[in-house]
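Asks: There's a structure below that I have some questions on.
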Amino acid sequence: MAGTPLKLELPPLTLGNITVDTPVILAPMAGITNRAFRRLCREYGGGLYVSEMVTSRALVERNPESMRIISHDDDERVRSVQLYGVDPKTVGAAVRLLVEEDRADHIDLNFGCPVPKVTRKGGGAALPWKLDLFTGIVRTAVHEASKGNVPLTIKMRKGIDEDHLTFCEAGRIARDSGVAAVALHGRTASQFYSGQADWNAIAELREALPDIPVLGNGDIWSAEDAVRMVRRTGVDGVVIGRGCQGRPWLFGDLMNAFEGSAERFRPGLGQVADTVYRHAELLVETFGSELMGLRDIRKHMAWYFKGYVVGGDLRARLATVPTLEVLRGLLAELDRDSPYPGQDAEGPRGRAGSPKRTALPEHWLDARVLDSSQQADIAAAEVDVSGG
Ligand SMILES: Cc1cc2nc3c(=O)[nH]c(=O)nc-3n(C[C@H](O)[C@H](O)[C@H](O)COP(=O)(O)O)c2cc1C
């Protein structure tokens with residue numbers, strides 16, 4: 001595209017007492033948006049960086065892994081935590097813990113998880129279908145968060161499938177319950193990550209909720225995509241997940257784009273190698289274990305090197321790298337002068353998958369409120385859950 005792009009006339013995003021100057025949010029991603037990755041992203045640009053989701057029950061029980069998930073760097077100014085939960089009491093207790101112990105400045109609730117083991121029990125993206133349960137959770141969470149003046153937001157999908165859409169109703173309930181913003185991933189649970197995110201649904205929600213910020217999510221792979229989403233849907237901010245995998249510098253591009261600058265990060269292979277190494281070091285620090293840090297960096301390799309000239313054998317060795325020392329050796333084998341490959345390094349990455357019918361509890365779709373057996377089962381929906 002020729003010429004200087006116009007500055008995007010988008011004011012800072014206000015979430016209660018928090019102002020996010022560049023209205024860009026790193027989507028919560030289980031297994032990805034830990035302290036290490038958030039730090040890397042933060043170094044490139046402004047925005048709000050959400051933790052991996054933590055289940056309310058595990059947090060209330062102070063499970064060590066949950067305490068790791070909600071930990072932040074000392075200089076992380078907006079400490080943002082995402083909770084997953086299915087029961088108002090437990091979610092309320094988790095919010096209370098975060099607020100009373102001053103462990104978060106922003107709390108998001110996850111109503112978008114499409115994973116069968118979650119939806120089969122009525123959790124995640126299946127939950128907003130049950131209006132009584134959804135309302136109970138959001139109201140309780142907002143009430144507890146308000147005691148510490150902590151803004152609470154929700155993140156959801158369009159619904160269970162195209163015949164069972166929930167987003168407009170859930171958005172209104174959340175607004176009426178006092179949330180600071182709602183984020184919509186423009187897919188149904190049945191779509192998983194397949195097909196294309198429906199930005200029209202995002203525009204529809206923006207129109208339906210004129211009085212609170214609406215955030216758009218789905219299929220933003222570049223700063224240009226983010227600008228397009230804002231222009232097309234009128235959202236107050238964008239939420240970016242897979243597009244940042246292996247590209248923490250996307251936050252720099254986003255800040256530039258939103259400020260009207262055409263400057264973009266186009267790292268050569270040397271810069272990518274340095275970022276991979278730094279990411280690995282930060283992971284080792286985050287996990288307090290070289291073994292765990294290196295295990296974690298492996299899944300990022302294909303994303304970092306997408307489109308770059310890296311031999312198949314070296315790629316395979318990078319994907320099984322055991323120590324920082326071996327990583328240093330492997331990265332030294334790369335041609336550091338190899339330039340940014342352009343298009344090949346861009347576009348979709350990460351989870352895709354194919355559509356499937358959403359697994360649901362028996363008779364879930366028959367009514368919009370819980371029956372007594374569903375009520376009894378719902379508590380089990382929180383056990384052993386990770387990822388969205
Ligand atoms: C690996 C992975 C983990 C995810 N974990 C979460 C999560 O913990 N909480 C959540 O609300 N969404 C989760 N999501 C969904 C993302 O936040 C986001 O809504 C989705 O990826 C669509 O945005 P995108 O097209 O920008 O990737 C996850 C997605 C991926 C790919």
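Cβ coordinates come from backbone N, Cα and C, glycine included.
What TrEMBL shows for this protein is this:
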type	residues	note
DOMAIN	25-321	domain 'DUS-like FMN-binding'
BINDING	P28, M29, A30, Q82, K155, H185, G241, R242	FMN binding site
ACT_SITE	C113	active site, proton donor
REGION	337-358	region 'Disordered'
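How about a rundown of where these features are and what they're close to?
Replies: The local packing around R242 (FMN binding site), expressed as other Cβ atoms within 10 Å of its Cβ over all shown chains, amounts to 21. Look at R242 (FMN binding site): DSSP puts it in a helix.
C113 (active site, proton donor): 24 other CB atoms within 10 A of its CB, across all protein chains.
For the region 'Disordered' (337-358), the list of distant contacts is 114, 116, 119, 125-126, 160-161, 188-195, 219, 221-222, 241-243, 245-246, 266-270, 303, 306-309: same-chain residues at least six beyond its ends, Cβ to Cβ under 8 Å.
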Asks: In the structure shown, with every protein chain counted, which of the binding-site residues P28, G241 has the densest set of Cβ atoms within 10 angstroms of its Cβ?
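Replies: Highest number of other Cβ atoms within 10 Å: P28.
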Asks: To what whole number does the mean pLDDT across the domain 'DUS-like FMN-binding' (25-321) round?
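Replies: Per the prediction, mean pLDDT sits at 97 for the domain 'DUS-like FMN-binding' (25-321).
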Asks: Determine how many residues of the region 'Disordered' (337-358) DSSP places in helix, in strand and in coil.
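Replies: The counts are 4 helix, 0 strand, 18 coil.
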Asks: Measuring Cα to Cα, how many angstrom lie between A30 (FMN binding site) and C113 (active site, proton donor)?
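Replies: For A30 (FMN binding site) versus C113 (active site, proton donor), the Cα atoms are 11 Å apart.
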